[in-house]
Structures are given as structure tokens and as C-alpha cells.
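Quick notes on the structure that follows.
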Amino acid sequence: MSSEHFDLVVLGTGPSGGTVATKIAKAGKRVALVDSRTFGGVCALRGCNPKKVYVNAGQLVDQIHRGDGKLISDASVKIDWKQLHAFKMEFTQPVAEKKEQSFQEDGIKTFHGVARFISPDTIDVVGTKLTADRFLIATGGRPRELSFDGAEHVTRSDEFLELESMPEHVVFIGGGYISMEFAGVVARAGSRVTVIEKNNQILSGFDPDLVNQLTDSLRRHGIRFQMNAEITGIKKSADGHLQVHLANEQSPIVCGLVVHGAGRVPNIDELCLSQGEIQHGEKGIAVNQFMQNPTNSRVFATGDCADNGMPRLTPVANEDARIAAKNLFSETLERTPDYGHVPKVAFTIRSIASVGLSEEAARDSNDNLTVLSDDTSSWGSVRKTGPTVAGYKILIDSKTDAILGAHLLGPSAEETINLFALAMKFNLTATDMKSTLFAFPTFASDVRSML
């Protein structure tokens with residue numbers, strides 16, 4: 001078995017791992033980069049970026065349909081799934097080769113295969129031993145295992161993105177980001193859609209009042225929801241259709257495709273972390289405020305595989321990477337993340353966005369809470385896009401005028417939420433925002449009316 005030593009070995013080539021590897025290599029260190037899949041990571045290849053191509057298609061068709069008879073006279077457009085997939089490939093296909101070539105040009109040695117720790121300072125990659133002074137684990141997340149019979153018939157989100165056609169009826173398991181973003185696109189492509197959710201509401205973590213608005217709108221557009229539902233099994237019939245069996249339901253749901261949207265977990269199971277004396281748990285690899293593992297000081301972890309108490313989002317992974325790059329070879333560990341207030345968005349056909357405290361959390365922690373909310377579907381800025389659903393909820397400390405949280409639904413929610421994130425990070429008050437002159441007519445200019 002051959003062996004090589006490096007200053008740093010990075011596991012994972014997504015936005016977090018790749019960024020750190022490049023920075024450390026450019027600082028003169030000898031760096032190795034390992035990935036069990038093609039280089040580039042989930043976000044660029046199987047997540048955020050390709051997903052947004054599909055979401056754009058769904059939102060474009062939706063806006064055209066909403067404008068029929070008002071903004072335009074002929075809304076006879078449809079999504080060509082094969083064409084859409086081909087366009088998506090223009091963004092994803094070049095990534096792996098370009099990424100690996102770029103890493104190699106920076107002097108980074110690349111390895112393909114599953115990395116497994118065999119001691120605190122050594123990993124094995126397909127028969128090659130790699131030792132290092134430091135390790136960065138940035139292996140991201142993977143779909144949660146499904147425990148019911150017939151789970152092998154379920155299509156993962158990365159597999160969904162490779163399909164060149166859609167069947168007449170698609171079932172999504174779970175009502176989180178993945179399911180709800182893809183469900184809207186599939187519905188706008190003309191397929192029937194059913195979402196199976198184990199709880200009584202989709203999109204947990206977003207404002208429940210706005211979620212109810214969104215859910216009602218999606219129902220009106222043909223998406224069917226099975227709430228408080230438990231899948232007991234999936235069977236494949238002789239004609240190729242899938243039968244989804246639910247507890248307390250006599251008849252199965254018959255469809256052509258079942259998509260896994262029931263959550264993701266840290267992708268660490270194959271790493272043999274215990275052999276590396278690396279503390280970890282169900283939420284990921286344990287890290288302190290410096291992104292360092294408490295039981296193996298050689299090891300740092302970032303992004304979706306790190307148990308840092310933050311949402312598993314690309315901006316968080318990028319901030320983790322910035323901190324890890326500063327601390328990996330520093331004589332004094334002193335850099336800690338500045339996450340600020342991280343906004344989150346579900347790119348459903350009508351985007352829903354959030355930053356800061358929920359109303360429930362704000363009520364629990366603040367005695368001076370003022371809640372400003374409204375259904376803005378009839379506001380001029382919204383109506384000009386055609387009939388749709390929109391609303392907001394802003395949480396303010398009435399004593400200090402601080403903005404505690406902001407929750408938006410509707411056109412441009414994914415962009416406008418960033419104004420609130422910026423204001424909250426730099427302690428701008430509600431009065432500060434309300435007194436700001438925004439370009440008009442824009443959705444951003446509606447912020448003054450919200451406050």
C-alpha cells in the first residue's frame with residue numbers, strides 16, 4: 001500500500017472544501033483533495049444551481065399563465081422536460097472537469113474514492129494511505145434513509161435532476177425544500193402532483209401563517225397534499241407503476257414516480273470517524289467555535305457535515321470555510337464565524353423567505369413584541385405581475401425599534417429578504433428602513449409600506 005504525506009487533506013469538493021483547499025494551497029502548503037463522487041459538490045452539480053434552472057422554468061410558465069388575458073393574450077406555453085434537462089446540463093456537465101483541472105493547476109493533488117480514517121492522522125483512499133498534519137472534512141449531506149418496505153423504488157433528488165421526462169403523476173415524500181421546490185415545477189410541466197407530509201403543515205421552519213397562504217394557493221393550482229400521513233410501503237406493479245401505501249388508507253396512491261424529499265443528514269457514515277478518534281453524532285461532526293473537532297485537534301469540519309448548530313445552507317458553508325482556512329495553520333485559534341442573521345428561501349412557485357426569529361420564538365423571548373403583517377396579494381406591485389399570493393410578517397421590538405424577524409411570501413421575496421438580513425446584521429431599526437428611499441416601482445420599495 002503506497003503512502004503520501006500532506007500538510008492538509010480535504011475531504012469533499014463542494015463550496016466549503018474546495019475553497020479551503022485552494023486558499024491553503026496558494027499559501028504554499030501541500031494539499032490533497034478527495035471526493036467519492038465527481039468533483040464540484042452538491043450545490044454546483046446536484047443541488048442549488050441546477051435546481052434553480054428548473055425553478056426558473058416553473059416560475060416563468062407560472063407568470064405567463066397568470067398574465068393570460070391581462071399582460072398577454074396567448075399563454076399556451078409548456079415545459080419541455082427533455083429540453084429543460086439539456087439546458088440544465090449546460091451548467092452542470094462542465095463543472096467536474098473544470099473544477100479538478102483548476103485544483104490541479106493550483107498544485108493540489110486530487111484523489112477519487114471513499115476516504116476512511118484508519119488512525120487519527122491517516123486515511124485510506126482505495127488502497128492509498130494519506131497522512132496529514134491537518135484534515136478538513138467537508139463531505140456535505142445525503143438523503144435520509146427511508147425505513148419502509150419498497151424504499152428502493154424511491155428516486156433521490158440528484159437522480160430526479162437527471163430525468164429527461166416526467167410521468168403523468170409524481171409523488172413527493174416530505175413537504176420540505178426539495179419536495180416543494182420541485183413539486184411546483186412538475187405541476188407546471190403538466191403532471192399531477194401529490195405531496196405526502198408526516199406533519200400537519202409543509203415547510204417547517206417558515207412562518208406558519210404564510211405557509212398556509214402558500215399551501216392554499218398550491219392546492220388551487222392542482223397540487224394535492226396528504227398531511228399527517230405515514231408511508232407503510234411502496235410496491236411496483238407489473239405495468240411499471242408504483243403503488244404508495246399509507247397507514248389508515250385502504251387504497252394506494254398510484255403514480256409513475258416517487259421522489260425523496262424527506263430530509264438530508266450529514267454524509268459521514270463511510271468515513272470511519274471512530275478510527276480517527278473524531279467526535280461525531282447524528283447531527284454531524286462535533287466542532288468548536290473555530291470549526292475544530294474537540295477530540296482530534298488535527299481535524300476541522302465545515303458545511304453540512306459539521307454540527308455547528310446552523311442551518312445547512314451554502315452561505316453557512318462558505319462562512320465555515322472562511323473561518324477554517326484562517327484557523328487550520330494558525331498558531332493561535334481566534335477566528336470565529338460571523339453568521340449574522342442567515343436568510344433562508346424555499347424557491348417554490350411563489351417563493352417564501354425568512355430571516356431572524358419566528359413569531360413563536362419572538363413571543364417567548366420578548367415582552368415588547370409588535371407584529372406587522374398583511375396579505376399583499378392586492379398590492380399594486382404584486383397585481384402588476386398577474387393574480388398571485390403574497391404576504392409578509394415583520395417582528396419588531398416596540399421598545400428598541402429593533403427588527404427581530406422578517407417573513408415574506410410572493411414575488412421577489414427571495415431578493416427582498418436580503419434587505420432585512422442586511423438591516424438586522426448592522427442593527428438598523430425599523431425606522432431606519434422605513435426612512436430609506438428605495439427605487440420605485442420595485443418590490444424593495446414595498447418595505448416602507450410593510451413597516
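The backbone N, Cα and C atoms fix where each Cβ goes, and this holds for glycine too.
What you see is a predicted model, and the numbers here were worked out from it, not measured in a lab.
Among the candidates GLU145, GLU152, GLU197, GLU282, the residue that TrEMBL names alongside GLY174, GLY175, GLY176, TYR177, ILE178, SER179, MET180, GLU181, GLY263 for the NAD(+) site is GLU197. The record in TrEMBL lists a disulphide bond between CYS48 and one of CYS43, CYS255, namely CYS43. On the backbone, the CA of GLU197 (NAD(+) binding site) and the CA of CYS48 (disulfide bond) stand 22 Å apart.
Residue counts for the domain 'Pyridine nucleotide-disulphide oxidoreductase dimerisation' (342-448) under DSSP, helix first, then strand, then coil, are 32 helix, 31 strand, 44 coil. Within 10 Å of the Cβ of MET180 (NAD(+) binding site) there are 27 other Cβ atoms, across all protein chains. Summary of the NAD(+) site environment: with the site residues GLY174, GLY175, GLY176, TYR177, ILE178, SER179, MET180, GLU181, GLU197, GLY263 set aside, the chain residues having Cβ atoms within 8 Å of the Cβ mean position are PHE172, VAL195, ILE202, LEU203, GLY261, ALA262.
In three-state terms derived from DSSP, ILE178 (NAD(+) binding site) belongs to a helical segment. The binding-site residues in question are GLU197, ASP304, and the one with the fewest Cβ neighbours inside 10 Å is GLU197.
ILE178 (NAD(+) binding site) is 15 Å away from ASP304 (FAD binding site) when you measure Cα to Cα.
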